[in-house]
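Trainee: Below is a structure I'd like to ask you about.
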Amino acid sequence: MQLDPKGWFTEVCKEGGLAFSLAIREKLHAETTPYQYIEIYQTETFGRLMVIDGFIMLSGRDNFFYHEMMAHPVLFTHPHPQRVLIIGGGDCGTLREVLKHDVVEKVQQVEIDERVTRLAEKYFPELCQSNDDPRAHFHFGDGLRFVAEAPANSVDVIIIDSTDPIGSAEGLFQASFYADCQRLLGEKGILVHQSESPLIHLDLLNKMRAEMKKGGFPQVRTLTYPQCVYPSGWWSATLAGHTLSCFRERDATAKIFPTRYYNVDIHRASLAVPEFLRQTEESS
């Protein structure tokens, strides 16, 4: 969580007993918002880097893993995802991926800190290229309140593209929030939530899955994918719904939009459960 004199940014993951470093060319921006401290760097090999409160949020080089896996698996699992709600996602990369789906008619994005979006527009314009799409609707405010006050059965898919479960994001990982999401979705809706590293944050992942079930989602499945700049380099997202077996494989195979990581084989492979995860799921 520091830029040392030799020009390296290092994020220390204390719970994992590890650190990740990137060589920095220059610091482009830093500011304190009402919610957090945001820094933008130009790295030597990973493009631009966004850091929030000392934690890496995204890099220009590898963000496509995260954004594609937060969007396409859930959208190709829902039978007809017309109405999408994104909680968080201020860098707009997930929004860009969602809007690649022609079936989507409306996307609402609720980000608590507008400055994240404005800085993404300036320093990561490639992620924000769909922000002017008429299907995109931006709300800057509390995602918990938005979900609690939204009408029942008003969305088909909820994507929770949140930071780690600390501070203002902590409530997004609790059963009461998932219950509100379930009310918005109804029986056919599906939720996906970024769920940290299964290697380092296994206790959190298991608790999160349990909270989803307490919130009214009978089926829960976790998918995994590489993410170099996050702790351990291995990340996950967890799907929740009443049924998660409707993979529209034919549509995914015939997709006409470009992706850099996601395809049908990746979709299937990401849902394969490593044995240590299977054992913890069976015992929970």
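Glycine is treated like the rest: Cβ placed from N, Cα and C.
If you look up Swiss-Prot, you'll see 6-242 marked as domain 'PABS', on the strength of sequence analysis. Under the heading S-methyl-5'-thioadenosine binding site, Swiss-Prot lists Gln36, Glu111, Asp142, Gly143, citing sequence analysis as support. Per Swiss-Prot, the feature spermidine binding site maps to His67, Asp91, Asp161, Ser162, Thr163, Asp164; the stated evidence is sequence analysis. The active site, proton acceptor annotation in Swiss-Prot covers Asp161 and rests on sequence analysis.
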Trainee: Please report the distance from the Cα of Glu111 (S-methyl-5'-thioadenosine binding site) to the Cα of Ser162 (spermidine binding site), rounded to the nearest angstrom.
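Mentor: About 9 Å separate the Cα atoms of these two residues.
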Trainee: If the S-methyl-5'-thioadenosine binders are Gln36, Glu111, Asp142, Gly143 per the record, what's the largest distance between their Cα atoms, in Å?
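Mentor: Result: 16 Å between the two most distant Cα atoms.
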Trainee: Under 8 Å Cβ-Cβ from Gly143 (S-methyl-5'-thioadenosine binding site), six or more apart in the same chain: what's there?
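Mentor: Correct list: Ile87, Gly88, Val110, Glu111, Ile112, Ile160, Ser162, Leu172.
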Trainee: Taking the Cβ of His67 (spermidine binding site) as the reference point, list residues of the same chain whose Cβ is under 8 angstroms away and which are at least six residues distant in sequence.
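Mentor: In sequence order, the residues whose Cβ lies under 8 Å from that of His67 (spermidine binding site) (at least 6 apart) are Gly93, Thr94, Arg96, Glu97, Leu127.
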